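Structure first, then comments.
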Amino acid sequence: MVKRRQAMIKWPLWLLALFAGSQCFANEAGKQQFVDIKTELESVEYDIRYAGYNNFVGEPVDGYLESKCFIHRDALPALKAIVNELANKQMTLKFFDCYRPEKAVAHFMRWAKDLTDLKTKAQYYPNLPKSALVGPYIAEKSGHSRGFTIDVTLVELDPHGQYQALDMGSPYDMFDAISNTESPNINAQQKANRELLKNLMQKHGFAAYDMEWWHFTYANMTEVQKQQYYDFDVQ
């Protein structure tokens, strides 16, 4: 009986080691399918929030070792088409987030479950209890981890040749009804700006998320790609 119990204890360790090895291989192999947008789209802007302190967690997020933006290479042609079309309007995209490691999603969940940490409440969720964030805004699985989801806004060249963000009616990552794409609590210009972004992204195959005006997912994924989530670091 003792020997049998010992064997039962060892067997899960073998399974865990095998699983960890297979996950590492899958992540490294999968990383080859990603591209760094900074090397592919020189005219776009970046503000990768989760690599620093200016985010709802209030600290650098696990897995974001550098301020970089990766996306699956299958979505790149559509992004290039969007940027080319915007160039005719003296505009471009500004990226807040792209591929997101699963370890970052786990970091979000730990933060969301710690109801005593309220230091970013006034800035990011002033009208909601923290307990209400999981589900609509924070989830255990994120489409970002597949490499086909991005968080973006529009910026426009000013007379001095500097890009300025269009007014979207709420800041990025504001967890509030006003961030819903079709929120009635924004003015006509803000609504027009959101519609411009949404219509352009949808035209090139990116589906909107109605809870967050900045959130878009490239819809032309294979069934395998829809089920594949990655955890390699952003660096």
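Glycine residues also receive a Cβ, built from the backbone N, Cα and C atoms like all the rest.
No curator has checked TrEMBL annotations; they are predicted automatically.
Annotated features, as they stand in TrEMBL:
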ACT_SITE  E212  active site, proton donor/acceptor
BINDING   H144, D151, H215  Zn(2+) binding site
SIGNAL    1-26  signal peptide
SITE      R100  site 'Transition state stabilizer'
Euclidean distance between Cα atoms of H144 (Zn(2+) binding site) and R100 (site 'Transition state stabilizer'), Å: 5
Rounded Cα-Cα span from the residue listed as 'active site, proton donor/acceptor' to D151 (Zn(2+) binding site), Å: 9
Where does R100 (site 'Transition state stabilizer') sit in the DSSP three-state scheme? coil
The rounded CA-CA distance in Å from H144 (Zn(2+) binding site) to E212 (active site, proton donor/acceptor) is 14
Which one is it: of the recorded positions D151, E212, which Cβ has the fewest other Cβ atoms within 10 Å in this structure? E212
Identify, in sequence order, the residues in the chain of H215 (Zn(2+) binding site) that are 6 or more apart from it along the sequence and have a CB within less than 8 Å of its CB; answer 'none' if there are none. T149, I150, D151, A208, Y209
